[in-house]
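Shown below is the structure under consideration.
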Amino acid sequence: MAGSNTLSSSEHGDDPRGHSYSIHIQTRGTTLDKYPAKQHARNVARQLGLTDGLIYLMSQSTRTLEDSDQPQPFRQRRYFFYLSGVDEPDCHLTFDIKSDILTLYVPHYDLRKAIWVGPTLRPSEAMMRYDLNAAKTYDELSKNIRTWASKRMSPVIYILHEGQKPNINAHFLAFNHEDLLPAMDACREIKDEHEIDLIRRANEISASAHIEVLLGIRNMQNEAEIHGKFLDTCVSQGARNQSYEIIAASGENAAILHYTKNNEPLDDRQLVCLDAGAEWNCYASDVTRTFPRRPYWPSCESANIYSVVQRMQEECINGLKEGVRYLDLHILAHRIAIEELLSLGILKGGSTEEILQSGASLVFFPHGLGHHVGLEVHDVSPTPLMAFSLDKYKGLPLLSCRPPCTLSAPYLKAGMVVTVEPGIYFSRPALKDARRKPLSKYIDMDVVQKYIPVGGVRIEDDVLVTRDGFENLTKAPKGREMLKTIR
């Protein structure tokens with residue numbers, strides 16, 4: 001994580017034996033640097049507008065693969081983590097809003113499990129590691145909920161989903177599964193300093209993995225080697241999990257937006273699109289770089305398209321700040337793409353506005369400019385970034401990574417972390433489909449054929465929105481620095 005390891009230091013002094021001393025308070029790895037679970041719980045309660053009630057969440061449970069005795073890879077429920085900071089299975093959590101008490105319930109000690117896979121989390125250990133008021137074993141959960149409910153005329157427990165109620169038989173309890181999710185989504189949209197540090201650290205590891213790939217790409221023969229080098233670097237730095245499946249797409253595979261086979265020979269393919277990001281303490285990074293296998297562009301076409309996407313990204317990032325509509329930046333990216341593709345002769349026969357309205361630019365840039373990043377790589381928010389407020393751009397669809405769609409386009413707020421990931425692609429299926437549509441009159445298919453071997457170019461960074469601008473959290477080299485890194 002970024003930031004100083006020292007919270008404060010005392011005055012220097014001398015002990016009775018004449019030895020000098022100084023005291024430094026270290027915050028890393030101590031109670032002063034815990035994940036801020038209680039503040040998150042308070043924020044959610046405030047968002048709910050409540051002064052009383054009980055929030056209940058359950059962690060992901062231990063599971064085995066279908067028809068197997070092998071464990072399913074564990075991935076913590078993100079809403080549970082947001083209110084606990086706990087990355088352990090089979091736990092439960094309550095937050096008593098009125099009393100401001102956050103309680104974790106952990107599994108009983110299991111000797112057999114301790115022998116085979118190691119001991120489970122104990123209450124005393126949980127209190128040391130996490131920002132809690134209390135930690136107890138699971139057998140106390142039912143009793144404690146009953147005690148809490150007995151002191152209230154109309155006790156209401158707030159849960160995420162109908163199927164995630166605590167295992168308690170009490171007819172007098174009311175469960176609300178409608179309000180908690182949107183309240184948590186609203187809170188998760190804005191990241192605090194601790195969360196930003198986690199995303200920053202995930203980006204640091206991802207940057208070093210991207211650099212390692214660039215350093216070795218000249219001698220790699222297969223997409224699988226790219227995948228392996230990236231993963232190896234992340235794991236060796238403590239990031240065992242990826243935020244999403246690694247995309248190591250060479251040549252025309254780079255035109256497949258979520259290509260994950262990663263098993264084809266590199267041969268004479270012009271470019272590699274590597275979309276890969278490490279996860280750190282459940283927080284994601286999302287980074288894409290597109291590069292040649294040598295420290296120079298293998299063709300005019302590849303250099304041209306990289307330059308187009310680079311301009312799209314730079315101008316959109318420079319436009320980020322609080323109060324800006326992200327949708328407007330998405331439309332700006334399309335305008336830049338159209339201007340540049342017109343100059344290259346790929347688009348033709350219309351003005352920038354005419355082509356934008358036709359939707360022809362979507363053939364080459366078919367996805368949204370970006371999304372929120374946080375506990376999910378496509379993180380939650382109460383309103384999707386890519387919602388349209390007007391039906392002005394009929395050719396551009398409602399582009400959103402997550403439902404629900406809305407007719408109110410949101411404005412950026414300080415504390416949001418968003419990706420900026422424009423791309424230009426030459427997808428054979430997309431081009432074949434375009435030939436049958438009226439928008440084909442704006443596309444010079446003969447010129448396009450020269451660009452097919454480029455496949456696709458995407459450049460993606462994770463960017464923190466601030467009150468007066470932005471901070472780019474992604475440090476992986478791009479452009480000239482990227483080419484210099486290839487040896």
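Every residue, even glycine, has its Cβ placed from backbone N, Cα and C.
What you are looking at is a predicted structure, and each value in this text was computed from that prediction instead of being measured.
According to Swiss-Prot:
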| type | residues | note |
| --- | --- | --- |
| BINDING | Asp275, Asp286, Glu460 | Mn(2+) 2 binding site |
| BINDING | Asp286, Glu421, Glu460 | Mn(2+) 1 binding site |
| COMPBIAS | 1-10 | compositional bias 'Polar residues' |
| REGION | 1-22 | region 'Disordered' |
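So that I understand the layout, could you describe where these features sit and how close they are to other parts?
The Cβ neighbour count for Asp275 (Mn(2+) 2 binding site), using a 10 Å radius over every protein chain in view, is 24.
The Cβ of Glu460 (Mn(2+) 2 binding site) has 26 neighbouring Cβ atoms from other residues within 10 Å, across all protein chains displayed.
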Cβ within 8 angstroms of the Cβ centroid of Asp275, Asp286, Glu460: which residues besides those meet this for the Mn(2+) 2 site?
Ala276, Gly277, Val287, Thr288, Thr419, Glu421, Arg458
Would you count the other C-beta atoms found within 10 angstroms of the C-beta of Glu421 (Mn(2+) 1 binding site) for me?
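A count of 24.
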How many Å separate the Cα atoms of Asp275 (Mn(2+) 2 binding site) and Glu421 (Mn(2+) 1 binding site)?
10
Taking the Cβ of Asp286 (Mn(2+) 2 binding site) as the centre, how many other Cβ atoms fall within a 10 Å radius?
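For Asp286 (Mn(2+) 2 binding site), the count of other Cβ atoms within 10 Å is 27.
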Between the Cα atoms of Glu460 (Mn(2+) 2 binding site) and Glu421 (Mn(2+) 1 binding site), what distance do you get, rounded to the nearest Å?
4
If I take the alpha carbons of Asp286 (Mn(2+) 2 binding site) and Glu421 (Mn(2+) 1 binding site), what is the distance between them in whole Å?
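On Cα coordinates alone, these residues lie 9 Å apart.
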